[in-house]
């Protein structure tokens with residue numbers, strides 16, 4: 001086994017120069033350094049390990065080192081170089097798997113000062129250097145310090161422009177940290193049987209003897225790194241035109257809002273608490289006041305006649321009277337960009353906030369206001385005006401003006417290469433960033449059709465025929481309920497699963513919760529499964545917290561298998577639990593449930609356990625599904641990539657969007673995805689049949 005790391009002059013898309021590389025070889029126990037002129041020898045050493053059937057360990061290798069080496073070998077040496085997936089271990093992938101609850105375990109290190117705040121919850125190699133006590137400083141910080149001492153100005157990224165010996169030293173230190181991290185990860189007995197020395201085995205033994213989750217996460221990371229490099233073809237012109245339309249509507253709304261809400265006076269500048277006139281008790285709910293020390297109705301007498309009252313004193317022209325409290329105010333013009341102004345006007349119109357920030361301010365966004373209704377038509381019109389403004393502002397932020405706006409992330413190839421963390425959530429779900437492609441508005445949302453249509457295989461023209469590619473969108477059918485049915489089957493002999501496949505599960509749930517409509521039942525069950533509180537559940541039928549609590553109670557009484565499942569989970573996790581001063585104090589047996597692939601899925605609280613179990617099951621099913629789909633397509637002789645037959649563009653929770661060179665290939669992808677999903681169900685002995693639905697079209701609007 002080799003542990004390695006490279007330094008180069010840029011990120012993957014712009015990298016052109018290999019600076020240095022380091023290998024730690026477990027066979028001789030030595031660190032081997034390779035400078036710019038040794039690039040060929042470095043590649044030879046890696047290839048020799050592959051030929052031996054060995055393993056090469058990088059940190060973030062799947063996403064950076066491995067594809068960067070392929071690119072640099074061609075650029076600098078005109079050499080074909082490809083490391084096979086099965087020969088590569090990524091400690092970043094392992095860290096995210098084994099320490100998915102890192103933020104919980106980092107608190108002690110943060111308090112003790114062992115871990116800097118900027119590294120809290122981070123899986124980066126530098127963060128692990130601090131945790132493991134192997135950190136010897138950070139190259140970028142030291143480089144900046146050196147420039148400062150020399151009186152030179154730092155330009156962002158310049159530390160990677162040219163090779164230097166300090167870089168070589170840090171490269172060695174990175175491998176020291178990677179080795180220490182690897183050994184820490186391999187010592188976890190849950191994932192790696194302790195009787196095997198995993199640093200002294202070939203790749204076949206490593207993958208077959210470690211827990212299945214280790215293999216699943218590495219395969220997913222490899223595939224999703226490929227998806228990132230593929231990118232999602234994007235219609236820049238269409239979104240620029242949409243931006244013009246949205247900006248015009250925003251200007252119109254700004255005028256309407258300012259006219260509708262005008263201006264008002266509000267307290268500002270008071271320095272003292274207002275006290276009750278009779279009791280003298282401070283009244284904190286009232287605005288702060290000022291109590292003048294000077295001023296009056298009349299000025300002091302300035303001659304004998306005024307003192308004797310024969311002549312009136314002059315009027316005091318000062319604005320205040322000494323000892324007479326007043327509330328200072330300011331004149332405010334409505335500002336639609338101010339959340340404080342918006343929530344003030346909404347509450348005046350009759351809106352009662354139910355969701356608050358950590359600091360106690362009402363949360364104001366288009367989603368929170370979606371269901372707000374008041375009886376007064378004028379006030380409702382005012383609320384609707386604000387709702388539309390917030391929605392327009394959100395669309396503008398997503399598409400054009402925000403830091404992570406789509407237009408800011410279109411690469412030179414006309415595609416958006418969104419970042420995916422394959423195990424970003426504690427449940428095993430992926431998370432998305434730069435930009436977040438999981439938050440593209442749906443086709444039923446305002447402007448959703450234009451947004452989705454901009455992402456599409458049709459925007460990629462084939463390099464040979466010049467024809468647009470075809471899109472295949474496939475999603476898992478009713479996954480949440482099928483996962484619930486799988487876990488309920490032990491308690492109801494598969495009755496719930498049978499109803500899903502052969503009956504009408506939403507009508508069954510409607511009757512169980514005694515809800516007025518089938519649509520209410522659909523909203524209820526998904527809210528229930530995702531851990532919605534009593535207040536949220538009550539809102540489904542236009543009521544509050546008490547009604548929500550009652551609906552849950554009825555549902556559990558009439559669906560005893562779910563109640564039994566919840567009880568079973570509680571018994572597995574919790575030794576004892578009691579409520580003290582409104583807080584649940586739990587004595588845990590253990591704080592994790594077993595995922596479908598054997599992993600530990602960490603649970604934050606007992607009431608979230610069922611939701612965690614179901615979300616994890618859905619995430620892992622889809623993860624293995626996308627892996628198996630690609631594997632089966634390749635087995636059919638199809639090539640993955642824009643230079644081949646199909647290209648993964650996005651995986652969002654339970655759906656994949658795949659670009660295909662022809663309609664025939666798109667049909668094959670849809671068929672194979674269904675076969676792969678059935679294979680996953682059989683592989684994990686799922687107690688409810690798993691299915692997919694596929695659509696073929698030109699873009700995401702047509703394929704979801």
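The backbone N, Cα and C atoms fix where each Cβ goes, glycine too.
Feature annotation from Swiss-Prot assigns region '3'-5'exonuclease' to 1-187; the stated evidence is sequence analysis.
Within 10 Å of the C-beta atom of residue 174 (Mg(2+) 2 binding site) sit 23 other C-beta atoms, taking all shown protein chains into account. Reduced to three states, the DSSP call for residue 174 (Mg(2+) 2 binding site) is helix. The Mg(2+) 2 binding site annotation in Swiss-Prot covers 5, 7, 174.
Sequence-distant neighbours of residue 5 (Mg(2+) 2 binding site) (same chain, 6+ residues apart, CB-CB distance under 8 A): 21, 22, 58, 59, 65, 171, 174, 175, 178. DSSP assigns residue 5 (Mg(2+) 2 binding site) to a strand in the three-state reduction. The Mg(2+) 1 binding site annotation in Swiss-Prot covers 5.
What Swiss-Prot records for 202-704 is region 'Polymerase'.
Residue 654 (Mg(2+) 3 binding site) carries neither a helix nor a strand DSSP state and counts as coil. Of all Cβ atoms in the shown protein chains, 18 besides its own fall within 10 Å of the Cβ of residue 654 (Mg(2+) 3 binding site). Taken from Swiss-Prot, the feature Mg(2+) 3 binding site applies to 475, 654.
DSSP assigns residue 476 (Mg(2+) 4 binding site) to a strand. Every protein chain shown contributes to the tally, and the Cβ of residue 476 (Mg(2+) 4 binding site) ends up with 23 other Cβ atoms within 10 Å. Among the features that Swiss-Prot reports, Mg(2+) 4 binding site is placed at 475, 476, 654, with the record citing sequence analysis.
Swiss-Prot lists 506, 518, 522, 526 with the feature substrate binding site. Under DSSP, residue 506 (substrate binding site) is assigned to a helix (H, G or I) in the three-state scheme. A 10 Å cutoff on Cβ-Cβ distances gives residue 506 (substrate binding site) a total of 21 other Cβ atoms nearby, all chains included.
Spanning the residues 506, 518, 522, 526 that the record associates with binding substrate, the maximal Cα-Cα distance equals 13 Å. Same-chain neighbours of the substrate site beyond 506, 518, 522, 526, judged by a C-beta within 8 angstroms of the site's C-beta center, are, in sequence order, 505, 509, 510, 519, 520, 521, 523, 524, 525. Residue 476 (Mg(2+) 4 binding site) sits 41 Å from residue 7 (Mg(2+) 2 binding site), counting Cα to Cα. For residue 518 (substrate binding site), applying a Cβ distance below 8 Å and a minimum sequence separation of six or more within one chain yields 504, 506, 507, 510. Excluding the listed site residues 5, 7, 174, the same chain places 6, 20, 21, 22, 170, 171, 175 with Cβ atoms within 8 Å of the centre of the Mg(2+) 2 site Cβ atoms. Cα spacing between residue 475 (Mg(2+) 3 binding site) and residue 522 (substrate binding site): 18 Å, rounded to the nearest whole number.
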